[in-house]
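Visitor: Marked as active site, proton acceptor by Swiss-Prot on the basis of sequence analysis: His19. Summarising the annotation, Swiss-Prot assigns tRNA binding site to Tyr14, Tyr64, Asn66, Asn112. The site 'Discriminates between blocked and unblocked aminoacyl-tRNA' annotation in Swiss-Prot covers Asn9. The annotation site 'Stabilizes the basic form of H active site to accept a proton' is assigned in Swiss-Prot to Asp91 on the grounds of sequence analysis.
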Amino acid sequence: MKLVVGLGNPGPEYARTRHNVGFLVADRLALALRAEFTLRKFASELAEGRAGGERVWIMKPQTYMNHSGESVGSALHFWKLGLEDLVVVHDDLELEPFRVQLKVGGGHGGHNGLKSVNAHVGGPDYARVRVGVGRPPPRMDPADYVLGRFAKADEAPLEECLVRATEAARLAIELGAAKAMNQVNRRASAAG
């Protein structure tokens, strides 16, 4: 069994913000796996599907970003899953906009959702689908930037990025993070 977590904030005021790309990818992964968010457990919305012969739970924590780890930690404990069974999808200020990268472990880079997940699951050694949102303009607070919506001109590249991020999460489930990283990150490098 695998757990894929899309990080984001609940509520319509946060829909389609940079900080909610994890939720957007979770929605697309659920659609691809013919799963629906019908279960409410662990202070989250859950959808159950199958990929690569594996049972997959897709989670959207409803705790707000800074407390996402509470939901993730509870689910891992309940299902007796290890960090190798976890894939987290999140926005990343350090990656250029619309770039997708798969990695295992590493620092939280100031991302409060990742800080919370790390604290509640016992460390950072899980697969992450990083979705680049770029840096804020000079003198703009990064918190305001990530809570801002994408511009209309960004809709086409955003949709393409979400397709690639969804595929990265699916490959991490089906192939394991190490093999999936070779494919995902090679494609990302070739794309520029």
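Glycine is treated like the rest: Cβ placed from N, Cα and C.
Help me picture these features in the structure, burial and contacts included.
Guide: His19 (active site, proton acceptor): 22 other CB atoms within 10 A of its CB, across all protein chains. The secondary structure of His19 (active site, proton acceptor), as reduced to three states from DSSP, is helical.
Cβ neighbours of Tyr14 (tRNA binding site) (same chain, under 8 Å, six or more residues apart in sequence): Gly8, Asn20, Leu147.
In the three-state DSSP reading, Asn9 (site 'Discriminates between blocked and unblocked aminoacyl-tRNA') counts as coil. Asn9 (site 'Discriminates between blocked and unblocked aminoacyl-tRNA'): 23 other CB atoms within 10 A of its CB, across all protein chains.
Asp91 (site 'Stabilizes the basic form of H active site to accept a proton') carries a strand DSSP state (E or B). The Cβ of Asp91 (site 'Stabilizes the basic form of H active site to accept a proton') lies under 8 Å from the Cβ of Leu7, Arg18, His19, Asn20, Val21, Gly22, His111, Val131, Val133, Val146, each of which sits 6+ residues away along the same chain.
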Visitor: How big is the Cα-to-Cα gap, in Å, between Asn112 (tRNA binding site) and Asn9 (site 'Discriminates between blocked and unblocked aminoacyl-tRNA')?
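Guide: Taking the Cα atoms only, Asn112 (tRNA binding site) lies 12 Å from Asn9 (site 'Discriminates between blocked and unblocked aminoacyl-tRNA').
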Visitor: What other residues of the same chain, not counting Tyr14, Tyr64, Asn66, Asn112, have a CB atom within 8 A of the CB centroid of the tRNA site?
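Guide: Close Cβ neighbours, site residues excluded: Asn9, His19, Thr63, Met65, His67, Ser68, Gly113.
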Visitor: Tell me which of the binding-site residues Asn66, Asn112 sits in the most Cβ-dense spot, judged by other Cβ atoms within 10 Å.
Guide: Asn112
